[in-house]
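Visitor: Pulled from TrEMBL, these are the listed features:
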COMPBIAS  1-13  compositional bias 'Low complexity'
COMPBIAS  38-48  compositional bias 'Pro residues'
COMPBIAS  59-69  compositional bias 'Low complexity'
COMPBIAS  83-119  compositional bias 'Basic and acidic residues'
COMPBIAS  1160-1177  compositional bias 'Low complexity'
COMPBIAS  1181-1190  compositional bias 'Polar residues'
REGION    1-149  region 'Disordered'
REGION    1105-1213  region 'Disordered'
TRANSMEM  451-472  transmembrane segment
TRANSMEM  479-498  transmembrane segment
TRANSMEM  510-527  transmembrane segment
TRANSMEM  548-576  transmembrane segment
TRANSMEM  588-609  transmembrane segment
TRANSMEM  673-691  transmembrane segment
TRANSMEM  866-889  transmembrane segment
TRANSMEM  896-916  transmembrane segment
TRANSMEM  922-946  transmembrane segment
TRANSMEM  967-987  transmembrane segment
TRANSMEM  993-1015  transmembrane segment
Amino acid sequence: MSSYFGAAAGASGPDPLSRQSPAAIRFQRKASTGTAPSVPPPSVPPPESSADEEEPRASTNNNYSSTSTVAAPIREPTRVSTLKREEKEKKQKERMEKERRELEEKRVKEDEMKKEDNNPVHPSLGERTSYVEEPPSTTTTLDRRDRKAEKALVRRITNEMQMATYVQQIDLSAMKQPVGAYTQGVSRIRMLRFAEAILRRTFWTLGKFIANHKIFSILVALACFASAFILPVYHKEQLYIDLPFTHIFGSDSDVISNGIGISPKNQEFNSSNPAFSCIKWRDNNHFAVLLRTMTSRDTILRKDAVLAYTALKKKLDHFPAEKKEFMVQCSLECETDKDMVDRIIKKSPQVALTYPETFVSMSKDSTNLTRVYLGAAIGGVETDTDGAISKATSLLMNFDLKNDLTGKEHNDWHKHFEDQTKLTAASNISLMSWSPETFKDVVVSSLKDQYWCLQFCLIILFVFCLLGSFGINAYQSKPCLGIMIFITIAAVSVTGLSMQFYRNLPVDPLVYPICFVTIGVGLLWLFQLHFSWSRYSSAAVHPTEKIAFILAHDAPGIAASAVVIVLTFLAMGAAIQNGHMVSSFLGIASSVAILLVFTVCFISVFVFIGGSREARGVKWYQVFKTGDTQFTAPQLASFDSASLFSLHDRLLDARPCASRAVGAFVISPKIRYPILVLCTAYIFFAIYGFYNTGIDIKEEYFLPSESSEKAFIEQYRDQFGKTTQFVELTIENSIEYHDHDVQNSIFDIMDFAIAEGYATRAVNWLAEFAKFEKASIYDVNPDTFVPVVNLVFLPSETYRKYTSDIVMDRFQTQIIKSRMYLELTSKGFAERTAFVDMLLKKAASKGIPLSVDIPSSMSLRHDISVFTSGMLAFGVAIVMLFFVSLLLLGQPALTAMLLITSIAVLGETVGYAYFWSVPMNIVTLTMALAGNALTCVIVMAFCYSYSMSGKSQIRAGVRIQYTFQATLVPVLFACIVPVLTFLPLLYVDVPVVHHLFKIVVLNATASLIHYLFFLPNMMLAYSERFGFSCTSLNCAELCCDMDDESSIYYIPTGGRAIHPEGLYHHPSYTYTVPKPLMNAPPPHYLAIAAPPVNSIYGQQADYASRGELKRESRRHRRHSESSIGASETDGTPRRDRDTRRRRQRRAVSRDSEIYEDLPSPRVVTSSRSTSPRRQQPGSMRRQNNHSGPSNPRPQAFHYDEGAPQWRPYVQPSPYMFYPGPVYGQQRR
């Protein structure tokens, strides 16, 4: 550095290529890593004005002050008589004595003020010949409100480590004007305005505590984890895996009613209508057997197949002891029809049968024909032109057990059922059976396989955590920390699963997918904390202070995100009734809460341990090596917000890296418009898919692809699907059926369904009775309506099929319940939720107590309520995100970004699920809503990093680069690793697992796309275009945007050296430029003192909190200094002459003597730090007075970095973006 400054001193001549185009560049203070120059800054030739011209102005300036010498009053010309001169000298001595007394009083007051105010103040500058507009500041040495003109104090620089600012010659002719994100005037979006004071101070104290009490902190985290097992231990009898349908659908009936006149104690129907029956897959008492031909060209109605069918049915019906003791017995007509079907099938190889109904004779003479419905027993039918069956491919038999069977009886019948189906066989016939017990076993087995595969998911997670903890060398590698991150994520995932035991119900086996959301959130927070240690590595700092700084600076964002997520998902769980959604939302809330505790109390300990080993110079595998424990002395004795942010700027490693390059790329003007086009198309397709998506859930989604149960369901839907898609309309109370207005209302509902294309035909006993009434001879009136229906209409052969659809009271006087049917089209079944809703509303408007059921749907109640529950949960989430984020962040712009991104990501996840053939049901929609937690965490991490980028990242473009530097790798981990850890679950070939995997992929992809393309440009728009929306309440103490009092100004000069008194002839421009290391000043720089600017880029920093007492202290201090010089002269001619000569000598080399008063430095003799510290002003003053050949300048002083207003040498970095104009290549 000595040679560097020597070269700078030699180059004192003006640059012929430079012009007088000044601009000012502000530099933030940085940490010291080197020594100070051994020679003072280069001298600058004095201005054109001579010292003689300066004396008269100095004699009239009462505010002129100096700490070394002060010029005596100007002597009278020689023509003045001796008496007058002596008289004036006498008056002058009296005045000096008076000033000395005043000085002593002021010194006493000043000492008292110094005890209260330890902050140093700069001496006021002298009068300037011209002025320019400068931003106001309460921390500067220029207090122009009290004086119109001030002059700089001149003192010899004796300490080579004192700090100064410089004037550099800059040629502005080749100035390049940037646009967009790299221009000035950017609105700085701030975060955590209201909660900052509490959070930062708390985490600072907690960081100090963690560093000194590591074991206790770990025990606190483990105690919180152990508390999560209270509920599982209390409900340990429920620790088993069962069918998930109770949690998914609830225990309510699938029949949906409009709530008008519903009587809960109405009598049930005697039996089902044979023409409208369907297998109830979740009924524990329903069994079935399906016989199907192996080739499509073969027919099932042949002798061997029919014999196998009748033999098996007889064996199963008459168990045990040749009696139907276990079977449900229906009415006599129902049993007759069942026997008739069996007889017809037995004779089918010999007779021609019509389909779906056939007529058989009940007597030998074939005079009495009976209509029998065959559609429920024979499937895959092809008919000829006469309607007769030409080919049939399947036969179906159903068995319904009684509900009052004991467990032993039920198991015995099931065992008999399994044995008989295995023994029965026929050539070219496949026999498939349906048993609820087998269905349950297969579903539970697949769920257990999924939980076994979670072990392999944990292995993949462990590998990624371990690999992610390795750095660029063995010193920065921390595999132990990676292992602890894995343990933390596994622990919080288990905590989330344990929260479902708040209900006394078995384990909800489909809650486990929330663990992948927890994995994403945990990876983002924990690796962000891990990478913070290496990101803040620009200067040496004590490990204890560094972990406290990291927690105080970065952990508030994590805490704010955790509070937002926990409160949001707790509110969502409280607002929803569905058990699966509630368990999932409470699991996420508990996982995030425990994750916050582990992050602060557990992971921070290992981050500190790993960072301490790195600071000691110990490699990760050197377990028993201690290393160098002589750390840098702590710089901050107590928490101070301004010092914390200044420390951030000094520690930040702002060198170019890949993540910063990505941030610069996504906001570059060339790529911004293509991104806009692609994102518009991306959102458009998402909206289209969201609009067309449907609600669907089937039993097949929970069965393995190769299971016999799934094959049975698929074959049943293929062979009998056309006869099972119908709507059952039930009038739940007694109404005036004889009233023609009531009849017309019912007929209108039926006709509406057909007219709108939801149904093909309506099967309505009331419409048939209306036809019967017109053709009959009976007088039908309100008194005879029920007897005619009961005694005449239903017993007739044509209308006997409606017997099971009407329920009479026990006195046979009124109809208390009846049902009708609508055969659905493909549109009606696909849009069944909207169709059912319209039917119920129409019935309610006409006053008809109607209930609706669709037996072919797995759960109609689920189909109708899932969309409502999902939108309600998401609406609650949006409201909570709005209020909680606005309260914690205090920024409408950040809240708007959070809400917009959450809505967009959910819409894109659901919309693109439509294109990927993922049905929306309670399982997939819950996973999509749960993934919103990861989206919110990513958005808040982005906003927080952008807001806390520091004063060295003043422009929006550079701050976005900083944000990518801080969050890109953790966000990539959070979006990619959960998808990769899900891969082992695909081994379980169950559709619901594949659907969940696709939802995880879509949610992670949408979140990553928004992070990479939407958020940077949206933040850029808010920062540049909509600055008015980025404001909040002004709070000087709580805001994080307080300007640093130790800012340094660089003011470019013109073609020649500028006298310090004339520096303010030029306009001042202030910008912030980061520099990780302190360097020596370049040539052609002049040391001056300049004020920091507090109102740049819309920031109006309020320093009124310092109080009027400090300003009064500065005034007293400046007034006392100005009085010293005036009182130290006795007014003799010789002293006046010596003073004038000294002033002339100073004028020659005053450019190398301008400096600012040192603000209360201390002498530190610690051998642990090699960085220089500054001396006390008093000691410096004494050294200046006695400096000479025998008193060489001291070389062992150190900077006290903990002292306020510490100002190192700073030089602009060539690789960083400069706020404001970007200058061309400087010529040297």
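Placement of Cβ uses the backbone N, Cα and C atoms for every residue, glycine included.
Show me how these features fit into the structure around them.
Guide: Same-chain residues lying 6+ beyond the ends of the transmembrane segment (451-472) with a Cβ under 8 Å from its Cβ atoms: 241, 478-483, 485-486, 489-490, 509, 512, 515, 519, 523, 527, 530, 534, 973, 977, 980-985, 987-988.
Remote same-chain partners of the transmembrane segment (510-527), defined as residues 6 or more beyond its termini with a Cβ less than 8 Å from a stretch Cβ, comprise 244, 247-248, 447, 450-451, 454, 461, 465, 468, 485, 488-489, 492-493, 496-497, 500, 558, 561, 565, 580, 583-584, 587-588, 591-592, 595, 599, 603, 923, 927, 930-931, 933-934, 937-938, 941, 967, 969-971, 973-975, 977-978, 981-982, 992, 996, 1000, 1004.
Away from its own ends, the transmembrane segment (673-691) comes close to residues 666, 904, 907-908, 910-915, 1009, 1013-1014, 1017 of its chain (Cβ-Cβ under 8 Å, at least six residues beyond either end).
When Cβ-Cβ distances below 8 Å are used as the criterion, the transmembrane segment (896-916) is approached by residues 682-683, 685-693, 874, 877-878, 881-882, 885, 924-925, 928-929, 931-932, 935-936, 939-940, 943, 998-999, 1002-1003, 1006-1007, 1010, 1014-1015, 1018-1019, 1022, 1029 of the same chain, each at least six residues removed from its ends.
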Visitor: Do any residues, 6 or more residues outside the transmembrane segment (922-946), come within under 8 Å Cβ-to-Cβ of it, and if so which ones?
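Guide: Distant contacts of the transmembrane segment (922-946): 189, 191-192, 248-249, 510, 513-514, 517, 520-521, 524-525, 528, 556-557, 560-561, 564-565, 568-569, 572, 578, 580-581, 584-585, 588, 592, 697, 862, 866, 869-870, 873-874, 877, 881, 885, 889, 891, 894, 897-898, 901-902, 905-906, 909-910, 913, 959-960, 962-963, 966-967, 970-971, 974-975, 992, 995-996, 999-1000, 1002-1004, 1006-1007, 1010-1011, 1015, 1019.
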Visitor: Look over the recorded stretches 548-576, 588-609, 866-889 and say which has the most C-beta pairs under 8 A to the transmembrane segment (479-498).
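Guide: Most contacts with the transmembrane segment (479-498): 588-609.
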Visitor: Just to be sure I understand, if DSSP states are collapsed into helix, strand and coil, how many residues of the compositional bias 'Basic and acidic residues' (83-119) fall in each?
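Guide: Grouping H, G, I as helix and E, B as strand yields 34 helix, 0 strand, 3 coil.
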Visitor: Taking a Cβ cut-off under 8 Å, which residues six or more beyond the ends of the transmembrane segment (548-576) line up next to it in the same chain?
Guide: 191-192, 195-196, 199-201, 203-208, 210-211, 521, 525, 528-529, 532-533, 536, 541, 582, 585-586, 588-589, 592-593, 595-596, 599-600, 604, 607, 636, 639, 644-645, 647-648, 651, 869, 872-873, 876-877, 879-881, 884-885, 888-889, 929, 933, 936-937, 940-941, 944-945, 948
